[in-house]
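Peer 1: Residues annotated as transmembrane segment in TrEMBL: 12-30, 83-103, 131-151, 163-188, 195-216, 236-255.
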Amino acid sequence: MKWLGSRLREDSGVILLIILTPSIVYLLMWNKITSYSPSGLASFEKIVPCNLSQDLLSRFSSDSALLFSKLSEVQLKAFSETLQWGLLAVFFLTGTFAVYTFGRALSSGDIVNVVVLAGSRGRALIEYSKVLIVYSAYLSVVLAPLLKFMFSTYTVDPGTRGVAALVVVLFSAALWGVAVAMFALSLLRDHASAILALVGVVLLSMTEKNVGQLFMPYNNVFFWIFLDFKTRLSPYALSGTILLPLLLIGAYVVFERRDLG
């Protein structure tokens, strides 16, 4: 992994992706939460920072109970939908990073050199996977405290447990992107097909509830961890979490058996 990391560090595109990805995800989520306007609100209503909402409550005390109830419900929905938006962004951008690194090695033929150094095709895939796992961990650790600040400002403070849950689900969503991209690349060895697979998962995740939970279960996983495991994951969300290791194993098996020529 050390020699592979050294080679990737020489690529300016890789460095640019590493630097920009956390900023892109944060800006997408910040834009989502600050422009959040669910159907239950009037056209002029929107999410505001929590300190402003508390000030509004004190000024209009006559309807404070109703307003606070409505505000809490809206903030929780904003939290959940913004988190889902961020998980999809992490999934897609990390998958794109996998396409750029592993996919380019396949298309250029450089993967042959990596296989020679690693000793086998399976080990070469594992070496690339290690780099992508480190990248996923970096992304989740950088984003989690930033998202805590954003959520505590505009919705609810997730606290220490929430930050830990954010790290877990961001890391899982990133690995899910890696798994989809590497499986598609191992099977089809085509950049466009891998990107289309990532786009397909994103679109399916935005459809009806059960299908969405199957293809992006980590929003549910967050609340499962955040609520101290007192809730149950739906069968669809549970199946979705199982897809991650299955696709990683599938990518390994397919790549190990396919001819690189």
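Each residue, glycine too, has its Cβ placed from N, Cα and C.
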Peer 1: Which range wins on Cβ pairs under 8 Å with the transmembrane segment (83-103): 12-30, 131-151, 163-188?
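Peer 2: Top-ranked stretch among 12-30, 131-151, 163-188: 163-188.
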Peer 1: Determine which recorded stretch among 12-30, 195-216, 236-255 has the most C-beta pairs below 8 angstroms with the transmembrane segment (131-151).
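Peer 2: Top-ranked stretch among 12-30, 195-216, 236-255: 12-30.
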Peer 1: Go through the chain and flag residues at least 6 beyond the ends of the transmembrane segment (236-255) whose CB is under 8 A from any CB in it; none is fine as an answer.
Peer 2: 121-122, 125-126, 129, 172, 175-176, 178-180, 182-183, 185-187, 210-211, 213-218, 220-221
